[in-house]
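Trainee: What follows is a single structure, and I will ask about it in a moment.
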Amino acid sequence: MGAKCNGAVPGESVKKDENSRRGNWGNQIEFVLTSVGYAVGLGNVWRFPYLCYRNGGGAFMLPYFIMLIFCGLPLFFLELSFGQFASLGCLGVWKISPMFKGVGYGMMVVSTYIGIYYNVVICIAFYYFFMSMTNLLPWTYCNNSWNTPDCSGVVDPNSYLNSSLANATRSLLTGVSEVVNRTKRTSPSEEYWKHHVLDVSDDIGNFGEVRLPILGCLAVSWFVVFLCLIRGVKSSGKVVYFTATFPYVVLTILFIRGITLEGAFNGIKYYLTPQWEKVLDAKVWGDAASQIFYSLGCAWGGLITMASYNKFHNNCFRDSIIISITNCATSVYAGFVIFSILGFMAHHLNVPVSEVADHGPGLAFVAYPEALTLLPISPLWSLLFFSSVVDEIGTDWIIRNKTVVTLTVAILGFVLGVPLTTQAGIYWLLLMDNYAASFSLVVISCIMCICVMHVYGHRNYFKDVEMMLGFPPPLFFRVCWRFISPVIISFILVFTVIQYKPITYNDYVYPGWSLAIGFSMALSSVICIPIYALYKISSSPGATFKERLRHACRPHPKWGPALQEHRTGRYAPMASEDTVEVRPLKEKEELKPEPKEEKKEEISLTIQGSNGSTNTHNNPNPSA
């Protein structure tokens, strides 16, 4: 009964699912927690709030939840079931249709870009972590060398006097001067971020100097990545018991403190109230789609790889529901934390919530430190918060390799991240976030849906899932995989192109040459798909282009479950062959009992339709 509830085929022992060649998770809790740790992280506490803030608060929530239901959940389940069924990573799974292996390479390119700039964000968390080891947080007061006369501290002893003078001034001066006064007043945490941590230059091409403290933290960040990547799936699974749960403790502490602050309600109201005119903006929908893919980890390749270490009959459908809902609930929860703090800051600075901080990736590093100064023993809570962010570094977005290779990759990633530690680094980080990890993710996911559902065949895949879980995919997911998800993604891509607007950082407008670099990064991952497809077609046997195309699309003979004991039904080895043949499903009328001779003829025909010409590839280890 227990096996059946877990998705196992009735009567089969769960212990038989152990894959001794690749290894499996120690238990399913480790996989779920690791997946939560992979999906829940800076994408929730850093990227979601700033996208929500940039796109009008509540106006972002509607498309976000629509994209979650019709794209995020279905594609998350698709990737988990994809990797688990074949027990292969993001490249190996494309034995399902070798022509589309470029999708796997595209996933790796996207992961590379994200790994480069994501680690820069992590290193800034490290920096705040180290700077929190003090009796007095450096962003508490306005009496530091980097502060301007416009700084207004929340706990500044002179803040009451400053506030009184400002109120008196506003009562005497004209409305124009009031607006000027509003725009000048800034919080110490924002000035600490702008003028001390970043020391931002005036142009993306003006790199200025390398910020040595940030560079040192970047080295620490990549060293931690190196240590995490050389660990096996067994050992790394143990760490997540702490790393995947502790951030919720800190977020809850910040939430309780945030909602008790004066003015917090105004920030939460801005967060939940839609600005309906922005709902019609394709950019808002595009940001919502990219955030779903970004935070859930879809199209990165990591989900497929992690699921490949599951036992074959694990209920990945249940896991996908738990992880996806947990992920998005965390985003919304973090949004309450951020916007309650923004409401307090807006009240203190006497400005609208929409103007209280930068509409960019630095939002979290302004709002969170501001809240941390208001907690008792603030250096301790600051240290705990940024340690929980740093814990996110332990998620894997690339397949583990040998120590030397891993070290080489870490060093290369560090070198490529150095430009992002300069005074122009924030411009490059925003450019990579908007182009390298936005357009590409949705394109890759759309093509993956089309390949699995319409090239490999939806009936084939539904039966594969049923063989693995003991039940077919629910109707909603089948409809989304085949129609709804690809159509929604396609519409968003089309309207995003039609309503395209160049990105900006506050009042800074990016020059044309930098946008060209951004588009190049976006296309560099997507271009892998047609390039590899052309290569595969040209190298496939066949007298005509059509024959080569059909051969390149057919599943590889080794496609299917990794272990011999799971290769049943159409994946079972044929008695007269030393190879494993994949036989496609027939229509219902073709599944009726037939005479032995006719059945033999049918099998020979379906082999040709699935794997091309007669398979002569010898495979002494079919379970590999």
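In case you wondered, yes, glycine gets a Cβ from its N, Cα and C as well.
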Trainee: When you check TrEMBL, which of C123, C142 turns out to share a disulphide bond with C151?
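Mentor: Out of the candidates C123, C142, the one TrEMBL links to C151 is C142.
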Trainee: With pairs closer than 6 in sequence left out, are the transmembrane segment (210-230) and the transmembrane segment (407-430) joined by 3 or more CB pairs under 8 Å?
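Mentor: Contact between the transmembrane segment (210-230) and the transmembrane segment (407-430): present, because at least 3 Cβ pairs are under 8 Å.
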Trainee: Looking at the recorded positions N44, C142, C151, which has the shortest Cα distance to S295 (Na(+) 1 binding site)?
Mentor: N44
Trainee: Between N327 (Na(+) 1 binding site) and N44 (Na(+) 2 binding site), find the distance joining the two CA atoms and give it rounded to the nearest Å.
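Mentor: That separation, Cα to Cα, works out to 8 Å.
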Trainee: For a quick check of packing: other C-beta atoms within 10 Å of the C-beta of S295 (Na(+) 1 binding site), how many?
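Mentor: Result for S295 (Na(+) 1 binding site): 24 neighbouring Cβ atoms inside 10 Å.
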Trainee: Is the transmembrane segment (292-309) in contact with the transmembrane segment (61-82), using at least 3 Cβ pairs under 8 Å (sequence separation of 6 or more) as the test?
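Mentor: Answer yes: the transmembrane segment (61-82) meets the transmembrane segment (292-309) with 3 or more Cβ pairs below 8 Å.
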Trainee: Just to be sure I understand the packing, how many Cβ atoms besides its own are within 10 Å of the Cβ of C142 (disulfide bond)?
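Mentor: There are 23 of them.
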Trainee: What residues in the same chain, six or more past the boundaries of the transmembrane segment (436-458), come closer than 8 Å to it by Cβ-Cβ distance?
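Mentor: Distant contacts of the transmembrane segment (436-458): 71, 75, 78-79, 82, 96-97, 99-100, 103, 106-107, 109-110, 113-114, 117, 286-287, 289-290, 293-294, 298-300, 478, 481-482, 485-486, 489-490, 492-493, 496, 518, 521-522, 525-526, 529, 553, 555, 584-585.
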